[in-house]
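Here is the structure we will look at, set down as structure tokens.
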Amino acid sequence: MNSAFTFLSLAIFPLALFIFWTLSATGPSSPLGRGFPTLTNKRICLLIAHPDDEAMFFAPTLLALTKPELGNHVKILCLSSGMCALLMVLDSASGWFLIYQITGDAAGLGHIRKQELQKSALRLGLRNESDVFIVDDPSRFPDSMTATWSEENVSGLLASAFAPQLAAQASSQSAPMATIDILLTFDQSGVSYHPNHRSLYHGARAFLKALMRGNSGHPCPVTLYTLTSTTLARKYIGVFDAPIAMLSGVISNAFGGSGDRDALSTSPSKKTQELRGIREPPPANRLLFVNSVDDWLSGWKAMVYAHKSQMVWFRWGWITVGRYMVVNDLKKELV
């Protein structure tokens, strides 16, 4: 009797998991997908610190926002070429694995990781390799687990890339302008508390403050969304974190003002709005993206097949049960 019950449980579990996962997904084919805000007809930049950040942390976001029917143009800006590697050595005396950090191009991975990022980006829906920009400036942006990047350097780079006329605007009364509408990056905890990740958050906020300096009467042309960091336990429960993130989003939407409710409806394109005299609804306070099984496999393949140099043993666990391979919830930052 017990063996029959165990067999039945093992047989039902995969089916139950598939049904649960399908219902939790937020894509257009999901039964619940249309109930969550998204972005349409936007110029979007994902700001990351290292090649593979886009696959290990932001795959659900990229796979969702690059859907052709949404009309978004997504780019990736990576501030290092990933020339830091971790070397794990078994210490025969203690029996423990010791981790050494190799910096510079001692690991010979710099040019390889640039190519891997481009391949991964295409698997995650970007239109072209030219939409991936990689900064190779170790003096300002060293790939290091201990170095904090200057927020002025990050902000200055963003300004030169997306608001080159910023200096001229500072002395005029015209509305601030930028060549992107949406900036995505890590939050202040950086998911893993990596100092490079956390530096992007502070640099991105400094960039928006620079855009608005002396322009308080105008709306900011760039909306900043940051990826929510979670507890250690939630990081490794995969799709089972979806209900938690959904509940958090619903509560936030209920008390977050009208912006989220307005953004629930599909808005017409900017050009159509201008012709009709329609004011574009404000961006949602929170965004939630939950991969379908197919999209999870796409993100999994982006990491496994594109970032081959990074597939050491402990990353297999992350891409298999890690919640960031399935669930992304992003919060709009008020600057």
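From the backbone N, Cα and C atoms, a Cβ is placed for every residue, glycine too.
Quantities reported herein were computed from a predicted structural model and do not represent experimental measurements.
Swiss-Prot annotations:
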type: CARBOHYD; residues: Asn128; note: N-linked glycosylation site
type: CARBOHYD; residues: Asn153; note: N-linked glycosylation site
type: TRANSMEM; residues: 3-23; note: transmembrane segment
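With a 10 A radius on its CB, Asn128 (N-linked glycosylation site) counts 10 other CB atoms from all the protein chains. For the pair formed by Asn153 (N-linked glycosylation site) and Asn128 (N-linked glycosylation site), distance between Cα atoms is given as 27 Å, rounded to the nearest Å. Under DSSP, Asn153 (N-linked glycosylation site) is assigned to a helix (H, G or I) in the three-state scheme.
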